[in-house]
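Let me begin by presenting the structure, written as structure tokens, before commenting on it.
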Amino acid sequence: MAAVAAATISKEFYINTANAAVEVIPSQVTNSFANPQLLYILKGHKGTIKSLAFSPDSKILASGGAENEGVIRLWNTERGKKLGNISRAHQTAIESLVISPDGQTLASCSNDNIINLWNLRNNKFSRSFVGHTSNVLSLAVSPDSKVLISGALDGIRMWDLLQQRPLGTLVRFDNLIYTLAISPDGQTLASGDNKGVIKLWNLSTGKLIRGFVAHSNAVNSVAFTRNGELVSASRDRTIKLWNISSGKLVRSFIGHNNWVNAVAIHPDGQTLASAGRDGIKLWNLTTGELKNTLHGHTDWVSAIAFSPDGRTLASGGFDQMIHIWRSL
């Protein structure tokens, strides 16, 4: 059941309005994002950056990582400035962050088995969701901002964000769930696990649609394209594009020299970004062509995210840095 967070969790956080984003007149978003430049390096984390999430207006970037104090940091990527911290968001490392499409809720999960909700309108803690009995590794939120999905070592759970209550459990004690994504129409959930299996779920019924072995090693990241195809990235060094209606492979993206930790799809639907030990690779999603490799991190790149306005790519690494890239 849902429960109030422990007293050790921060109850509110401060946004530095002096560092808030200036009003920017949107420019025509390039359809290629082929040659972005490193604009800012954001410092402050004391551990690996594990998750990055943009607000729907692209003005706030939230970051979380492997710091025992469970801190969440908030950034203005337009200025390259820190907006604020949630200093005790969890008791242990942050595993995943999502911001609801309506911009109201920041959800975080951790190795402490708890999901916490933060109100971005009043900068206050809202509630904890308690129910998982092991590390919560991944979160996904529905396009209508009504449902939050969590994946953990003990299975997948669904939560009502509006009434802030549990909705049900999709599966218990399946394989270890490393990553989740919800389709653009909000009808399908994709999960990736430690054995290379992808499963597709009907969110209206909670029923399993199909499962298939997608990779020869763990699936680290999944993401839906605008037209409802699914991209998956794995420790087997490959990225794959799937037709979810048939479960058939559309194409593979080969080029990383080690694990692929994360993938993100540009809002234009044409560019795929992937992250690993050898940097960030930018691919043509339609043809599979490798367009560019971005170097700058001094260690593995562990998390990436495109801003909803398509102007910015954020990357985080084992080097404890966040890089802000922009196509100028």
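One-based numbering along the chain as shown.
Each Cβ is built from the backbone N, Cα and C atoms, and glycine gets one as well.
What TrEMBL says about this one:
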- 42-68: repeat 'WD' (REPEAT)
- 87-128: repeat 'WD' (REPEAT)
- 129-169: repeat 'WD' (REPEAT)
- 170-211: repeat 'WD' (REPEAT)
- 212-252: repeat 'WD' (REPEAT)
- 253-293: repeat 'WD' (REPEAT)
- 294-328: repeat 'WD' (REPEAT)
Worksheet item: Quick one: do the repeat 'WD' (42-68) and the repeat 'WD' (212-252) reach 3+ CB pairs under 8 Å, ignoring pairs fewer than 6 apart in sequence?
Response: no
Worksheet entry | Intrachain residues whose Cβ lies under 8 Å of the repeat 'WD' (212-252), provided they are six or more past its termini | 178-185, 188, 190-198, 200, 258-265, 267, 269, 272, 274, 276, 283, 285, 288
Fill in: Per-state residue totals over the repeat 'WD' (42-68) - DSSP helix, strand, coil
0 helix, 12 strand, 15 coil
